[in-house]
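Feature list (source: TrEMBL):
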- 101-142: repeat 'WD' (REPEAT)
- 143-188: repeat 'WD' (REPEAT)
- 190-231: repeat 'WD' (REPEAT)
- 377-408: repeat 'WD' (REPEAT)
- 488-529: repeat 'WD' (REPEAT)
- 530-571: repeat 'WD' (REPEAT)
- 572-613: repeat 'WD' (REPEAT)
- 614-655: repeat 'WD' (REPEAT)
- 667-807: domain 'U3 small nucleolar RNA-associated protein 13 C-terminal' (DOMAIN)
Amino acid sequence: MVPVASSATLKTAFAHSAIEPFFTGGSASVSEDQTLLATAYGEDVVITDLSTGQRKHMIKGDAEQVTTLALAPDGKYVVICSRSLQMRIFQLPECKLVRSFKAHDGPVIVMHIDSTSTLVATGAADGVVKVWDLAGAFNTHTFRGHTGVISAVRIFGQKGGARWQVASGSDDTKIRIWDLVKRKCIAVLEEGHVSVVRGLDFSSDGSLLISGGRDKVVNVWSMKTYGLVKTILVFEALETAGYLSSGILTSKISDQLIYTGGEKGVVKLWSIESGEEITPEQATVQTSEEVGVSDIIYYPSWNDLIAVLSDQTLVEHTLTSTDLPIVRRLAGNNGEIIDLAYAGPVDGEGVQKYLALATNSPEIRVISTETQSSVVLAAHTDIVICVDVSIDGLWLASAGKDNAARIWRWTASGMEDTDGKEHSGFQLYATFKGHLGSIGGVAIARLVTQTVYPKFMITGSQDFTVKKWAVPLPADGPVEVAKPVFTRKAHEKDINSVDIAPNDEFFATASQDRTVKIWSVEDGETVGILRGHKRGVWSVKFSAYDQFVVTGSGDKTVKVWNIRDYTCLKTFEGHTNSVLKALFISSGAQIVSAGGDGLVKVWDVKSGECNATLDNHEDKVWSLAQRSDDKVVVSGGGDSVITFWEDVTEEELVRQAEADAELVEKEQELSNYVFRKEWKNAILLALSLDHPSRLLNLFRIVIAEKAEKGSIMGLKEVDAVLSSLAPAQLQLLLRRIRDWNTNARTATVAQRVLNVLLLSFPPEKFLEVGDIKRTLDALVPYSERHYTRASELLEESYIVDYTLRQMDEVLMTKIDEL
């Protein structure tokens with residue numbers, strides 16, 4: 001029996017949007033209006049819209065790692081330095097390269113652009129500090145004096161002010177103050193630090209300078225006496241330090257607050273007056289690696305600050321209270337996405353707005369699909385391999401290489417609360433331990449409502465066993481479950497996937513032993529075995545509408561099975577690598593599959609045809625999930641890209657119908673123009689319709705007409721039309737000329753039209769045409785061949801003339817003889 005598709009409209013057209021990695025560590029910079037974020041992405045630089053998290057531009061690198069970058073406060077320039085020693089200045093928003101040049105004899109390590117967006121100071125590994133004019137891209141000052149790598153630099157200056165200074169710190173532990181007006185060093189602060197200086201900042205009036213270093217102290221210096229005013233012990237190696245605007249979080253005019261960030265991974269605020277920390281004890285995110293603060297981005301006009309963490313995460317804190325509530329967390333790089341699922345409660349439109357990600361790490365990331373803000377769920381001790389979510393989205397199951405499974409419960413507060421603080425959304429509910437190997441598949445009971453907790457969970461492991469776990473009753477805190485309801489030796493090899501039927505009566509397991517087994521949830525007995533795949537099976541999924549399951553395998557096929565008699569109904573072939581995930585969409589009428597070839601394919605269950613091939617990944621696509629409203633499919637892959645494929649089939653059908661109707665109208669209009677011999681309008685319309693044969697015939701008809709004196713094409717109005725083409729029309733016509741010029745029968749028309757264009761447009765106009773080099777490369781050899789052929793014909797015509805003249809002479813001689 002072949003599965004019968006439901007009446008749901010088949011999805012054939014998709015529009016895609018993506019959450020792409022934008023940060024791989026190193027430097028990050030934000031414009032003062034908080035609209036643009038510039039981050040280092042390997043050797044490239046990504047410009048991101050900070051409000052939406054969407055990538056705006058990618059500036060390609062010079063094949064060397066970016067060492068530092070800075071975005072001008074006004075957002076008009078971005079300066080990039082790399083290990084190639086090149087310093088490149090780009091103008092935004094068009095990302096136009098202003099200038100590229102060698103800035104130092106060593107890599108530039110630190111950089112700062114002043115508040116007026118006119119000067120940029122650089123400090124390099126060669127121990128030299130330089131100042132550059134940003135708009136002009138030329139060097140204004142060069143300062144030598146440090147004996148080590150420059151580790152911090154800061155410009156002080158105010159628009160219209162007479163005092164302009166640069167402070168620089170080095171791993172020689174000294175701080176130097178450079179006067180830009182006097183063009184010399186005016187002070188050396190050398191008694192304050194015993195380790196690398198990493199943070200420098202001037203007070204708003206320039207009377208004080210603070211310095212923070214890896215020696216775990218912040219020093220306050222007077223810029224009048226250049227003496228040490230105060231030393232504050234911060235008890236952590238610092239990477240950054242700076243002033244907050246006067247009056248923020250303090251009512252004392254005399255007191256000023258500073259911020260610090262370092263190896264402990266949290267932002268701290270300190271009072272200069274008391275030398276005490278004013279932020280309460282902060283809970284750090286428990287992760288598998290040490291996470292520190294590498295930089296803090298702050299402008300005096302802001303009421304928040306952005307911490308740049310060493311795990312490529314940006315955390316936005318609001319300055320409304322001293323506990324620094326987190327309002328947003330952006331993951332610069334999610335890593336390899338092994339599995340994902342829509343999670344969280346549905347909104348008023350019946351859709352879920354969060355994704356739970358297993359990202360080749362012990363942490364689960366829950367990310368907002370609207371703001372891309374994310375939180376981390378930390379409890380696993382090794383890489384999380386799989387996740388599953390209940391029907392209502394309020395229960396999340398996870399499992400991985402720590403041989404344990406966990407269930408998380410959505411809290412009433414959700415990820416964002418009215419107090420402006422960050423909340424995890426999901427809280428750990430229970431931990432299930434008992435497997436002796438990594439857990440490759442997990443599934444949570446399907447019959448769950450908002451008032452009922454899930455009754456059980458199924459896990460499948462590399463120890464070849466499958467276990468059913470009873471989910472405990474709600475308790476005050478997380479509970480640990482060590483005894484399963486039952487354990488069954490399920491397969492002869494690793495279990496890769498587990499799924500539960502919509503009615504909770506059966507569950508399925510897929511294994512590397514090339515089989516899929518159907519089990520009874522009640523007693524754990526095998527009720528059927530699906531055989532037919534030639535390689536290990538990576539994925540198994542039940543249909544919510546029919547008694548079918550779909551499987552994806554390493555043999556590059558997708559199969560649909562009938563679980564009444566356990567027979568294979570259809571096999572779908574098209575992937576060029578292993579099928580890693582497959583599931584039903586469109587109310588069971590279609591299947592979507594993801595493969596190791598980086599492609600997502602949509603299949604018609606009834607016909608077996610591929611309705612669409614979706615390509616937006618550069619690595620294996622490990623995971624797929626369907627949004628609850630059946631309008632969006634999301635895919636995640638080894639390239640760290642999350643792609644949302646939104647069904648636009650209906651919109652595409654409407655657009656196509658409108659385009660077809662418009663085409664019919666224009667075709668009729670073109671016929672009318674030709675009938676009335678309105679050649680100007682006919683040629684323009686044929687060009688816009690991109691009808692090469694119609695356009696060629698029009699030119700032939702015009703050329704065949706009685707030629708007007710002084711016209712190349714035969715009609716002056718046609719010459720005028722060709723002389724006034726827009727750049728896009730010129731590009732299109734040049735392509736047609738290129739094609740016509742390859743055939744001797746149409747080359748005459750091509751050469752006439754080309755003659756008009758060459759006489760009508762200056763060379764600069766042709767340089768503006770896209771792909772002009774390839775077009776000319778194709779035109780020149782054929783034109784030379786046609787010229788040679790015409791020259792040879794001309795020479796041969798002289799022989800005819802000579803022969804005729806000789807015949808005339810012979811004839812006249814004969815006449816004379818008569």
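Here the Cβ of each residue, glycine as well, is placed from N, Cα and C on the backbone.
Sorting each residue of the repeat 'WD' (572-613) by its DSSP state yields 3 helix, 25 strand, 14 coil. Same-chain residues lying 6+ beyond the ends of the repeat 'WD' (530-571) with a Cβ under 8 Å from its Cβ atoms: 1-3, 6, 493-494, 496-502, 506, 508-518, 577-584, 587-588, 591, 593-595, 603, 605, 608.
For the domain 'U3 small nucleolar RNA-associated protein 13 C-terminal' (667-807), the model's average pLDDT works out to 82. The helix, strand and coil residue counts that DSSP assigns across the repeat 'WD' (614-655) are 7 helix, 20 strand, 15 coil. Remote same-chain partners of the repeat 'WD' (101-142), defined as residues 6 or more beyond its termini with a Cβ less than 8 Å from a stretch Cβ, comprise 27, 67-74, 76-77, 79, 81-83, 85-87, 89, 148-159, 164, 166, 168, 170, 176, 178, 180, 183.
With DSSP classes pooled into helix, strand and coil, the tally for the repeat 'WD' (530-571) is 0 helix, 25 strand, 17 coil. DSSP assignment over the repeat 'WD' (190-231) gives 0 helix, 22 strand, 20 coil. The DSSP breakdown of the repeat 'WD' (143-188), given as helix, strand and coil counts, is 0 helix, 25 strand, 21 coil.
Here the repeat 'WD' (488-529) is broken down by DSSP into helix, strand and coil counts: 0 helix, 24 strand, 18 coil.
Listed by sequence, the residues of this chain that lie at least six past the ends of the repeat 'WD' (377-408) yet keep a Cβ under 8 A from its Cβ atoms are 285-288, 338-346, 352, 356-366, 424, 426-433, 435-450, 453-454, 457, 459, 461, 469, 471, 497, 628. Residue counts for the domain 'U3 small nucleolar RNA-associated protein 13 C-terminal' (667-807) under DSSP, helix first, then strand, then coil, are 113 helix, 0 strand, 28 coil.
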